[in-house]
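Asker: Okay, handing you the structure first.
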Amino acid sequence: MRVRSDFRPERTVVDGYFSRLLKRCSLFSFPTEINALIHEPKNRYHPFTYDEMECFCGSDDAENFFSSADRIYIAHDILSRTRYGRGDRVGIENMLKSEIYTAAYPLHEYLDYENLRSRPCREEEERTAYEMRNFSTRQFLYWIWAKLRYFYKFQPLFLIKEYFGSKIAIYFVLVGYYTRFLVPCALLGIFCFLYGFFTISFDLPSNEICRKDGIANDIIMCPTCDRWCDYTRLNSSCFYSKLSYIFDNISTVIFATLMSLGATLFIEGWKRYNADVAWRLGLLDTGSHEEGIRLAYLLQSLRSSNIRDPYTQRREPDVIPLRRRLPTILASGVTVIFFLCLILGAVIGTIVYRIVLMQVLYRVDSVRPIAAIFTSLTTAVLNLIVILIMSYFYSFLALKLTDWEYPRTQSEFEKSYTVKVFLFQFINYYSSIFYVAFFKGNFSGLPGRRVLGLRPEDCDPAGCMVELVILLATIMFGKTVYNAAMEFFNPVILTLFRGCTLKIRESRSQKSERFRRQRRREMDSAIVRVPRWEWDYSLTPTYEQFLFDEYLDIVIQFGFVTLFVSAFPLAPLFALINNLLEVRLDAYKFVVATRRPLPERARDPGVWLSIIDIISNAAVLTNAFVIAFTSDFIPRMVYLSRHPSLEGYVNSTLSLFESSSLHAPDWSQWHNITACWFRDYRKPPCTLRSSADCDDAYGVTNLWWVVLAFRLGFVVVFAHAVLAMKAFIAYIIPDLPTRVFIQLQRQRSLSLGGLTDGTRSV
């Protein structure tokens, strides 16, 4: 609770250097008159005690002493622990499950529903400070936070915390800080893309492939699949080779290194910024809060307890021993592993789809030239659809499994649920990407190689990088569009039909009376007749884990931005555009379109920060392997170490294959081909070249071992160097800013005694 300034001196709030720099630019701030209405009080905070009530702000105003969020929190805590019958009939949640009540939710403050409902998409005039002087907190949030036109403005964090609670406020703090981090990353990514685009004409390997005369026209490449794929000339991969160079050049290697270090700077900077904002919002100096036991745990312990009250003979709750919880925990773990394997099965399904579609398309003469690119695009879209569908199922499954384990406290529940959801979604989103990046090109091997009687699919002669880029771009762009559509159209539709879709159960007379009101034409009078709780009932209901989904989207997006940035440098740009829209669409959703969520307390994102840290460390390894094994960076560097330029590089990466074991399609013009080329470092068969360095088993050449050694060496050096720099950065940057540390220590020294101890400050 905030303490009156005459009992404790006001806090000193000093912004960081970057925040001060942004605040100097009036573009990002609201006018001074509006800032004065939404200013953050600098009173110190102290745990509330009834004996010292007169020391707290607003003690003379009983109606407004507690903030709106605090009142809701207290009321819900009372309702959650109130008995309504014998046995385990405790709490409002059980009453909802028993359908005694249809819903239970805190009420929103007043908002002008008439204007929102009439034309929600129209351009509304800006409100002046004079018009806002009597606004409620919700009205302030609607006009200065939920408007998309203010996407570049600072968020009113204090109002968010006062209205929705600190847990939701911390989420928006994280999204805002993460969006700032993406700005320089997006600019660097655009630079990498433009560098590749404007220097593509100077790339000798792609120029060699694209020549219509010369070696590229004479080299016949082996089919990439059986029976339906035909032999092709090397220059048919011209488009793929040019596109591959745009995303696979020296600038992307530098960018991947900078992003790996930038991820650490983001985490360390977030810890400091989080402490800064938490101090400013009074979340650091509020004392310790004892965490309560979850009601579900109490009820289960009550059912299984043998302890009885000696006077009433009622069962008393007892600790559930681990031996009783262990079977459910083990069963939950086995279920998680099973469904993780099921996700991998879905990846195999998309591989089969790709093989079948390739065979179908190659039968049609008109689409045969674009069969490869069309198959890559449709496979990526299919991956996206499967991902979006399975996401809902895995979240539901994780919730049921976590409930089954009966965690003791809410924090234990959140950690267990978060880990399950993240594991599910990590495999769901990234499994197909990992397959294309690290396994697809290696599984194919020789053109005649078969696994279980089938030939594994192969990459284009230009490599797997283009397919990886297409897959990353499709999933990331598709997810961005899907999220934006769901965030925007769902609230707008609900706003349009809010007055006509009330679903409260009622008698026939009430129902007939309601239909006679003619809401569509006279909603102004309907607003008077319909109570506010009924209007809020028609809004989208919130659920207990709604904030988990928001955090999960950010974490999955952070994975795309860091894990595979060496393959797709435009990922930060996509993420930046998504977040600029997401913040305001989420704000509109919370303020207008959904029921008011229960305020919860938090000082930081909790276990999500640990997950982000794990992803940032994993990004070092994934980028190292993408650069070393998926891109052509290492083979090119090895070739340059032996030659003055890359002229002749393409020919050095090709190997000869005796094609009698391959089956060309009936419509092929290459039936008399006896030899073809494929991309690898293999010795030619002795039937084609009788030399000392031939091998009918297609053994690898010495150059293959040299390239492999350099690839492994690059992974080791890159990973250790970047991880060492990350550790050094994390070591030298303290988690708590000095200015906050000094103020916090002073606050704690003042809090050793009561508020009434000593004299008042003057």
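Every residue number used here counts from 1 along the chain in the order it is shown.
Every residue, even glycine, has its Cβ placed from backbone N, Cα and C.
Because the structure is a prediction, the values reported are computed rather than measured.
Straight out of TrEMBL:
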DOMAIN    9-157  domain 'Anoctamin dimerisation'
DOMAIN    160-747  domain 'Anoctamin transmembrane'
TRANSMEM  157-175  transmembrane segment
TRANSMEM  181-202  transmembrane segment
TRANSMEM  243-267  transmembrane segment
TRANSMEM  329-357  transmembrane segment
TRANSMEM  369-397  transmembrane segment
TRANSMEM  417-438  transmembrane segment
TRANSMEM  459-478  transmembrane segment
TRANSMEM  554-577  transmembrane segment
TRANSMEM  606-629  transmembrane segment
TRANSMEM  703-723  transmembrane segment
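Could you place the listed features in the three-dimensional structure?
Answerer: Within the same chain, residues 178, 181, 184-185, 188-189, 191-193, 195-197, 199-200, 203, 205-206, 462-463, 465-466, 469, 561-562, 565-569, 572, 609, 612-613, 615-616, 619-620, 623, 626-627, 631-633, 718, 722, 725-726, 729-730 sit at least 6 positions outside the transmembrane segment (243-267) and bring their C-beta atoms closer than 8 Å to a C-beta of that stretch.
Cβ atoms under 8 Å from those of the transmembrane segment (417-438) belong to residues 336, 339-340, 343-344, 346-347, 350-351, 383, 387, 390-391, 394-395, 397-399, 401-402, 464, 467-468, 471-472, 475, 545, 548, 551-552, 555-556, 559, 563-564, 567, 606-608, 611, 622, 625-626, 629-630 of the same chain, restricted to positions at least 6 beyond its ends.
Tertiary proximity for the transmembrane segment (459-478) is limited to same-chain residues at least six positions away from its ends with a CB under 8 Å from its CB atoms, namely 209, 221, 224, 232, 234, 237, 240-241, 243-244, 247-248, 372, 376-377, 379-381, 383-384, 387, 429, 432-433, 436-437, 440-441, 444, 557, 560, 564, 567-568, 570-571, 574-575, 626, 630-632, 678-679.
Outside the transmembrane segment (606-629) by six or more residues, the chain places 252-253, 256, 259-260, 263-264, 266-267, 270-271, 411, 414-415, 418-419, 422, 437-438, 442, 468, 551, 555, 558-559, 562-567, 711-712, 714-715, 718-719, 722-723, 726 with a CB less than 8 A from a CB of the stretch.
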Asker: Which listed stretch (369-397, 554-577, 703-723) has the most C-beta pairs under 8 A with the transmembrane segment (181-202)?
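Answerer: Maximum Cβ contact count belongs to 554-577.
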Asker: Do any residues, 6 or more residues outside the transmembrane segment (329-357), come within under 8 Å Cβ-to-Cβ of it, and if so which ones?
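Answerer: Sequence-distant neighbours of the transmembrane segment (329-357): 225, 375, 378-379, 382-383, 386, 390, 394, 397, 401-402, 404-405, 420, 423-424, 427-428, 431-432, 435, 454, 457.
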Asker: In the predicted model, what is the mean pLDDT computed over the domain 'Anoctamin dimerisation' (9-157)?
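Answerer: Value for the domain 'Anoctamin dimerisation' (9-157), mean pLDDT as a whole number: 73.
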